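Feature annotation from TrEMBL assigns FAD binding site to Ala25, Leu55, Val91, Trp367. Annotation source TrEMBL lists NADP(+) binding site at Arg209, Arg210, Glu221, Gly374. The domain 'FAD/NAD(P)-binding' annotation in TrEMBL covers 16-183.
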Amino acid sequence: MPDDSPSAADGGRPLRVAVVGAGPAGIYTAEALTRRAPVPVTVDLLDRLPTPFGLVRHGIAPDHLKMRAIRETLHRALDDPGVRFVGNVEVGTDITLDDLRAHVDAVVYTYGAALDRPLSIDGEDLPGSLAATDLVAWYCGHPDADRARVEDALAGVRRAVVVGVGNVALDVARVLARTPEELEHTDMPQHVLDALAAKRVEEVTVLGRRGPAQASFTTKELDELAELAGATVLVDPADLPGEDEPRPADRLVARNVDVLRGFAAHTAEPGHPRVRLRFYRRPVRLLGDERVTGLEVERTTVDADGRAAGTGEYEVLPTDLVVRSVGYRGQGLPGLPVDQRSGTVPNEDGRVLREGAPSTGEYVAGWIKRGPTGVVGTNKHDARETVAALLADAEAGVIVPHGDRDDLVRTLRARGAEPVLLDDWRAIDAAEVALGATRGRARTTMHERESLLAAVRAAAGR
Ligand code: NAP
């Protein structure tokens, strides 16, 4: 727990760092700061949600149980006495960036890239058109998910098109194609399980604007589609390289093409749901008056520069639901600039740049630093690079403990905020396990901020 006890750092007290965002990037940053620094460091790990783990809780698909289990490992960093989890605090609302910076010696922004990228085509705002971020937030039980909009879009869906061929698109297609029995053992909120059990999806099309060689999904995730209990995976052989063409030089591409060839040998079974992977088609506009009824696409080829080039040949894919899964983008915090094109905070090796020059005591790690790429573990290396820059600046005297300040949590409470600390999170954790047990499940995610806070208050006797 951060305090003002004397220490070796600058002969006074530990270096105090605030980390904004308690997802994997923030937790790895806190871990690197407390375990690798040559001087004592204390970390306040802030999150706007009352829960830690960011995309590990609200992004990794709930049916990826092994991947989600990484939260057990991440929890160890939260248990470190030098780290204080401070949830339910929004920087920019509960405390300004300037105030936060005044409370600590350095701030590391690790709040990720929460926004979706639009397709910017006609019809995108029709009911029945969703961003993958909407659907993922909903099925993971994110408190800010727009439940009514997602459930309205899903009601009565028979055919769905997922635009994009990344791992998120595969997550979405898989969850839509799963049987209720396959989802029962996840920690999805009960209303999500109920809504998914009620759907009668006959076909999910996953659409790539370029070819299989340019797809960004990974082989393991692609291969996993074959294990779907209730759906057949199909690929049009015409979308694949000819059997007589040389094996792709890129090993990832070669492995993906091998898996896709296996899918191309499948045949559709009458009355059995299908997941169809289609390539060389780019979305042109969503069709429908009251809600989505189809997606118009243009056939493409891949030009010499690897870009999708339109052929002028169009077709309509009838569908009730279009989910765009074309990447995430980050946004600034009030008082923190973001490059609109890349959706990242300008930085050099993790040092935030303001007007092109490093800003004293401000750092960045994770997706808001490098963009929405990589797996959870990628953030470990990324966080270490940023922490190395921060510690080098501390060593060089660029950042120094600047006097005694009020404790951050005390300040937040005095301003009417309700910070959720580690023991409070433990109460939420226990409440979710207890909720799951009522239905014979290991855990049920609580999806309302008020229920999460009620669990905290009940445990604290408030
Ligand atoms: P992504 O890997 O960047 O994929 C985005 C997809 O959208 C690409 O296929 C891209 O095609 C396509 N796209 C972009 N703009 C488009 C447009 N206007 N029209 C049609 N298609 C368009 O992003 P992601 O799937 O959101 O994943 C984000 C990161 O999280 C990735 O690093 C991913 O591996 C990771 N992740 C990992 C897992 C896992 O390990 N299981 C699960 C989920 C996510 P082009 O290539 O043609 O631009």
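The backbone N, Cα and C atoms fix where each Cβ goes, glycine too.
Unlike curated records, TrEMBL annotations are generated automatically.
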Please list the binding-site residues from Ala25, Val91, Arg209, Arg210, Trp367, Gly374 whose Cβ falls under 6 Å of any atom in ligand 1.
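Close enough to ligand 1 are Arg209, Arg210, Gly374.
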Long-range same-chain neighbours of Arg209 (NADP(+) binding site), Cβ under 8 Å, sequence gap at least 6?
Tyr280, Arg281, Arg282, Pro283, Thr300, Ala308
Taking every protein chain shown into account, which of the binding-site residues Ala25, Leu55, Val91 has the largest tally of Cβ atoms within 10 Å of its Cβ?
Ala25
Cα-Cα, whole number of Å: Val91 (FAD binding site) versus Gly374 (NADP(+) binding site)?
26
Which of the binding-site residues Ala25, Leu55, Trp367 has its Cα nearest to the Cα of Glu221 (NADP(+) binding site)?
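The answer is Leu55.
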Please give the greatest C-alpha separation between any two of the NADP(+)-binding residues Arg209, Arg210, Glu221, Gly374, in angstrom, as a whole number.
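21 Å is the greatest Cα spacing among the residues binding NADP(+).
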Cα-Cα, whole number of Å: Leu55 (FAD binding site) versus Arg210 (NADP(+) binding site)?
28
List every residue in the same chain as Arg210 (NADP(+) binding site), at least 6 positions away in sequence, whose Cβ is under 8 Å from its Cβ.
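Residues satisfying the criterion: Phe279, Tyr280, Thr300, Val302, Gly306, Arg307, Ala308.
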DSSP on Val91 (FAD binding site), three-state: which is it?
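SS state of Val91 (FAD binding site) = strand.
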Would you mind reading off the Cα separation of Gly374 (NADP(+) binding site) from Ala25 (FAD binding site), to the nearest angstrom?
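Rounded to a whole number, the Cα-Cα distance is 12 Å.
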Does Trp367 (FAD binding site) have same-chain partners at least 6 apart in sequence with Cβ under 8 Å from its own Cβ, and which are they?
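Sequence-distant Cβ neighbours: Ala25, Gly112, Ala113, Tyr328, Gly330, Thr344, Thr373.
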Averaged over the domain 'FAD/NAD(P)-binding' (16-183), what pLDDT does the predicted model reach?
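A mean pLDDT of 97 is what the model gives the domain 'FAD/NAD(P)-binding' (16-183).
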The record lists Ala25, Leu55, Val91, Trp367 as binding FAD. What's the largest Cα to Cα distance among them, in Å, rounded to a whole number?
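Looking at Ala25, Leu55, Val91, Trp367 as a set, their Cα atoms extend up to 19 Å apart.
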